[in-house]
DNA sequence: AATCTAACCTGACCGC
DNA sequence: TGCGGTCAGGTTAGAT
């Protein structure tokens, strides 16, 4: 499920249960996810208090009172759910989740107070790692990571500098986490649509004024998606109905063959959204609005 | 150094 | 009902 807005939604869902609490037991039901779990995985977690739950790009970061941090990436299909002390599903970012698919419950955390936090990941593209908090920024996951797009580290000027020397299509450059952190296929497509830029445009052919529009579009679409609780694909709403509504507001993503909303509403014409494949990923765009 | 491809996995869906 | 092919929100190792 996870691009930046979805991971932020998960962070907000898990934080009340984890922050300030100790991990009483940790169950790893297999030795690896995409990669082997780090050495002494459970021993480095059990008894530790989670001082806070943060996020960098698409990674969750549980800061521990041991001076280490548990880094969690959800890959393509990673999910978290919480079963509270009464055994009631208290948080779930999607509905078939753990109860319907328990064989993919790979890691479970028993939290002080009685809640259980469950990591479920059918495709197992997710991974977990433990690194010293002092070495987070220089660790292999983050050392080449670009600016956080909703922070003041991200600017049109910085984006321009990152794009000006690159010939690769703008779609590819935005998927590259060293350009901007946290964008994925959905939000790159949506941001390029809002900025009126074709996904095939060479990065160094995006004009300064377009880069201003693009950086604003990136911020806007991510903020709106976070406010909506992220996007949920091929699933129905979350257990409490409050998560994952942004897919209703996609302009182009997943809308091949449907009318471009901007053309229909503002130009009075009908243009169909097209799909093309770039570096193995689908790009959705409006050939009239995006040049 | 930049850029592209294949690979890692499972499940859902579609056409036959 | 079953089978085969296609597709999926990400990252990375290896080749070019």
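In case you wondered, yes, glycine gets a Cβ from its N, Cα and C as well.
Here TrEMBL flags A:2-126 as domain 'Formamidopyrimidine-DNA glycosylase catalytic'.
DSSP assigns residue A:2 (active site, schiff-base intermediate with DNA) to coil in the three-state reduction, outside any helix or strand. Under the heading active site, schiff-base intermediate with DNA, TrEMBL lists A:2.
Annotated active site, proton donor per TrEMBL: A:3 (among others), in sequence order. Long-range Cβ contacts of residue A:3 (active site, proton donor) within its own chain (separation 6+, distance under 8 Å): A:58, A:182, A:183, A:184, A:185, A:186, A:187, A:230, A:231.
In the three-state DSSP scheme, residue A:58 (active site, proton donor) falls into the coil class. Taken from TrEMBL, the feature active site, proton donor covers A:58 (among others).
Sequence-distant contacts of residue A:166 (DNA binding site), defined as residues of its own chain at least six apart whose C-beta falls under 8 angstroms from its C-beta, comprise A:173, A:202, A:203, A:204. Among the features that TrEMBL reports, DNA binding site is placed at A:104, A:123, A:166.
What TrEMBL lists as domain 'FPG-type' is A:251-291. On the 0 to 100 pLDDT scale, the domain 'FPG-type' (A:251-291) averages 95 in the predicted structure.
Taking Cβ-Cβ distances under 8 Å and a sequence separation of 6 or more, the neighbours of residue A:281 (active site, proton donor) in its chain are A:171, A:175, A:185. Residue A:281 (active site, proton donor) carries a strand DSSP state (E or B). Annotation source TrEMBL lists active site, proton donor at A:281 (among others).
Taking only the Cα positions, the spacing between residue A:123 (DNA binding site) and residue A:2 (active site, schiff-base intermediate with DNA) is 13 angstrom. Tertiary neighbourhood of the domain 'FPG-type' (A:251-291): same-chain residues 169, 171-172, 175, 185-186, 189-190, 192-194, 196-201, 233, selected by CB-CB distance under 8 Å and a gap of 6+ residues from either end. Of all the recorded positions given, namely A:58, A:104, A:123, the one with the smallest number of surrounding CB atoms inside 10 A is A:123.
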